[in-house]
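Novice: The following block contains the structure, expressed as C-alpha cells.
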Amino acid sequence: IAATQPSTDWHLKENAREHHTSKFSSEELIVRRGQAFTITFNGAERPEQNLIFIAETGPKPSKATKTLATFDISSTLSKEGWSAVLQSSSSSSVSISVSSPHNAVIGRYRLSVQSGSSSPQSLGTFVLLFNPWSSGDDVFMPNAAECEEYVLEEFGIIFAGNKNHISSFGWNFGQFQGDILNICLAIMDRSLYYRQDPITDVSHRHDPRYLGRVLSAMVNANDDQGVVLGNWSGKYEGGKNPTSWTGSGEILQSWKKSGFKPVKYGQCWVFAAVLTTVLRCLGIPTRTITNFSSAHDADGNLRVDEFYDADGNHLERGADSVWNFHVWNESWFTRNDLGPSYSGWQVLDATPQEESGGIYQCGPASRHAIKEGEVELDYDGPFVFAEVNADCMYWNYDSATGKKTLIFSKATEIGASISTKAVGRDARVDVTRDYKYEEGSAKEREIFKKARKKLGLEDKFDPTAPKQEEVEQKPDISGKFKVAGSLEVGKDLNLLLVLENLQSDAKTVNVNMTAWSTLYTRRRVNQIWKDSLSVTLAPKEEKQFPIKIKYPEYQQRLTTDKTIQVTALCHVKDGIPVLVKRNITLDNPAIDIQVLGEAKVNKEVVVEVAFTNPINEEVKDCVLQVEGSDLLQGILELRIPPLKASEKSSTKFKLIPSEAGPKHLLVNFFCDKFADIKTFKMVNVIN
C-alpha cells in the first residue's frame with residue numbers, strides 16, 4: 001500500500017533569507033542555484049531506507065539535457081551535481097539540505113522522493129533562479145552593493161531628453177511584486193525558441209547569454225506575440241501613450257490578463273525597463289543605459305546619412321536615423337564563448353530596430369568588444385558599435401534632379417553622455433568611456449577604422465579617401481542656435497541664430513529656417529514655424545538674429561515627447577550651403593510631493609501632491625497616477641478638477657507601506673495641455 005502523501009515544510013522564511021529572495025511575496029519556495037536550502041517532510045519511512053530524490057523541470061525531463069536529476073543522501077554537499085545531506089530525522093519526519101549545481105537550468109522544478117522500491121511521492125514544486133552572490137555562477141557579481149542595486153532594487157531612474165539637456169524620470173521595475181515571477185516564467189515558455197523545440201530550449205536555460213538573447217526578442221511583440229508592441233507614429237489610439245507608463249508591473253500584468261496579447265504601446269525605454277524587470281526577477285544583474293545622439297545604422301556601413309532640402313527641412317530619405325536618445329540594457333555575466341576579457345557588462349536591446357538571425361532580438365554584445373572595435377564577435381557587434389560610434393554625413397538633396405551634395409560630415413556627433421543610475425543613489429553616472437575611447441582622439445579613430453576593416457568597408461587604395469561626391473569643401477560661414485531664456489512647455493521659445501563670416505571678404509547669405517515638432521527619434525510630426533532672411537556679413541563679422549516661437553504657435557503641434565527640431569539652411573552666394581540645426585527638448589512644469597508625517601510599516605501616512613497651472617488658460621481632464629513597490633498595491637488614479645490660469649491644486653491621499661527601507665513613490669500628472677508630468681520621491685519607511 002502506498003504511504004500517505006508526504007507533507008513538506010519548505011522553511012520559506014529561513015531559505016528566502018539565505019538566498020536573497022525574501023522580497024518575493026510567494027507561498028512557493030524560491031531559491032538560487034549553487035546554494036543549499038533546507039526542507040522537512042514527514043510521511044517518509046526511516047532514512048535508512050535509502051531515500052532517492054528526483055528534481056525535474058520542463059516538459060520532458062532527462063539526464064542528458066540536465067533537466068532531470070536523481071540523488072540520494074550523501075555525507076557532503078556536492079559542487080558538481082544535485083546532492084542532499086541529512087540534517088535530522090525522527091520517526092515521523094526527515095530534514096534535509098539540498099544543493100543544486102552552479103550551472104543548473106533555472107525555472108520551476110518538481111521535487112519528489114522515493115523510498116526503497118515504492119513509487120515516487122511528490123514533495124511539491126520550487127523555483128530555481130540565477131545566483132549572483134555565488135562565485136561559481138556565470139552571473140557572479142563580487143560587489144554586494146552592486147548585487148543589491150542590479151538584482152534587488154525595484155526602483156530605477158531612466159535618463160532622457162537630449163545631450164544638451166539631460167532629463168530623467170523614475171520607473172518602478174517591481175520585479176518582486178505579485179505574480180511577476182510567474183509571468184517571467186511564462187514569457188520563457190512562449191518564445192519562438194521554446195515553441196520550435198521545447199526540450200532544447202529548456203536545456204539552455206542555465207546560460208544567461210542564451211536567456212538574455214531569447215528575452216530581448218520576447219519583450220517586443222514582433223515575431224512572437226511578445227510583451228510590448230512598439231509605436232513611433234505619434235498617434236497612440238487604442239492603447240497607452242508610451243510616455244505615460246511609470247512601471248513594468250502594469251504592462252506585464254496586462255499582457256497576462258489579455259491572454260498574452262501584446263500591450264500597446266512601447267518605445268525604447270519601455271522595452272528596456274520591462275527587460276530589466278524580467279532579468280532582475282530571474283537573478284541576472286541588469287541595468288538600463290541611455291545613449292544620447294544614438295545612431296540607428298540600418299545598412300551596416302557604420303555611417304548615418306541625413307538629407308535636407310533647400311528650405312532646411314529634414315527629409316525622410318534612407319533608413320538611417322539618429323535618435324535624441326535610445327535606451328537599452330546591460331546585463332552582467334561571463335562570456336565563456338569569447339574569453340575572460342569579454343566578460344562583465346553585456347549589451348542587450350529589446351527595442352525592435354533591426355532583425356538579427358531573422359527575428360527582432362539584439363545582443364548580448366560584450367561592452368569590452370564594442371570599445372575595442374571587435375565587431376565580429378557575437379552578437380550584433382556592428383549594430384551596437386554604430387549606435388555609439390557611427391559617423392554622420394549631412395546631405396543637401398534636390399528632389400527635382402535627384403542630386404545630393406555633401407554639406408558636412410561629423411565624426412564626434414554620435415554616442416554622447418552614455419548614462420545609467422548610480423549604485424545606491426538617485427544620481428547619474430556617465431559610462432561613455434566604457435563604450436569608446438575619447439571622442440576625437442587618435443585611438444578612437446584607429447578603433448573606428450579597425451571596425452570598418454573587420455566589416456570589409458575599407459577602400460583598397462586609401463582606406464580614408466572619401467568618394468568624389470563626398471569631398472568636403474570648406475564653408476565660408478559658421479552658424480549655431482543659442483537658447484535665450486527657459487525651455488518650458490507653456491512659455492514662448494526664444495532662440496538666437498548666430499552667424500559668423502569666416503572669410504576676409506563680405507558674404508551674402510539667404511537663410512531658410514523651419515521648426516518641426518518631432519518624436520524623440522527625431523521623426524518629424526508637425527511643422528510649427530518657418531521663416532527666411534537675407535543678410536550680408538562684413539569680413540569676419542558675427543551677427544545674431546532673435547527667433548521667437550510663441551506658445552500658441554506650438555501648443556497644438558507639440559508631441560508628448562516635447563521635442564522640437566530647428567534648422568537653418570544657409571545658402572551662401574558662390575559658396576557651399578551651411579546647415580545649422582538644434583534639437584530642443586522642453587521641460588514640463590514642476591510637480592511637488594510632500595509626505596506628511598513619518599512613514600511606518602502597516603500604518604497610514606498622508607501624501608500631498610501640489611501642481612500650479614503655469615499658463616494663461618484653464619487646464620482640464622486632469623489625472624494623477626501614483627505607484628510604488630511596497631508603498632501601495634497597483635496604481636492609484638485620482639481625477640482632479642479643472643485649474644484656472646495660475647491656480648494651484650493640492651491633492652491628498654493615503655498610503656500604507658508594507659515593508660521597511662528606502663522606497664520610491666512615482667507620480668504622473670497629465671491634463672489636456674500637459675502630457676505626463678513625472679516626478680518621484682524617496683520615502684524612508686521605518687518599522
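Note: Cβ is positioned from N, Cα and C throughout, glycine not excepted.
The feature domain 'Transglutaminase-like' is assigned by TrEMBL to 260-352. Per TrEMBL, active site is recorded for CYS268, HIS326, ASP349. What TrEMBL lists as Ca(2+) binding site is ASN389, ASP391, GLU439, GLU444.
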Novice: Looking at the recorded positions CYS268, ASN389, GLU444, which ones sit with their CA no more than 10 Å from the CA of ASP349 (active site)?
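Specialist: So the list reads CYS268.
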Novice: DSSP on the domain 'Transglutaminase-like' (260-352): how many residues come out helix, how many strand, how many coil?
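Specialist: Residue counts in helix, strand and coil order: 18 helix, 41 strand, 34 coil.
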Novice: Measuring Cα to Cα, how many angstrom lie between ASP391 (Ca(2+) binding site) and HIS326 (active site)?
Specialist: 17
Novice: Hey, how far is ASN389 (Ca(2+) binding site) from CYS268 (active site), Cα to Cα, in Å?
Specialist: 19
Novice: Closest of the recorded positions to HIS326 (active site), Cα to Cα, picking from CYS268, GLU439, GLU444?
Specialist: CYS268
Novice: On the 0 to 100 scale, where does the mean pLDDT of the domain 'Transglutaminase-like' (260-352) fall?
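Specialist: For the domain 'Transglutaminase-like' (260-352), the model's average pLDDT rounds to 95.
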Novice: Do any residues at least six apart in sequence from GLU439 (Ca(2+) binding site), in the same chain, have a Cβ closer than 8 Å to its Cβ, and if so which, in order?
Specialist: THR412, GLY415
Novice: Below 8 Å Cβ to Cβ and six or more residues apart, same chain only. Which residues does that give for CYS268 (active site)?
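Specialist: For CYS268 (active site), the qualifying residues are TRP323, PHE325, HIS326, VAL327, TRP328, THR351.
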Novice: Within 8 Å of the centroid of the Cβ atoms of ASN389, ASP391, GLU439, GLU444, which other residues of that chain place their own Cβ, given that this set defines the recorded Ca(2+) site?
Specialist: ALA390, ALA411, THR412, ILE414, GLY415, LYS436, GLY440, ARG445, PHE448
Novice: Could you check the recorded positions ASP349, ASP391 and say which one's CB has the most other CB atoms within 10 Å?
Specialist: ASP349
Novice: So if I draw a 10 Å sphere around the Cβ of GLU444 (Ca(2+) binding site), how many other Cβ atoms end up inside it?
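Specialist: Excluding its own Cβ, the number within 10 Å is 18.
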Novice: Test of understanding: give the count of other CB atoms lying within 10 angstroms of the CB of HIS326 (active site).
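Specialist: I get 27 for this one.
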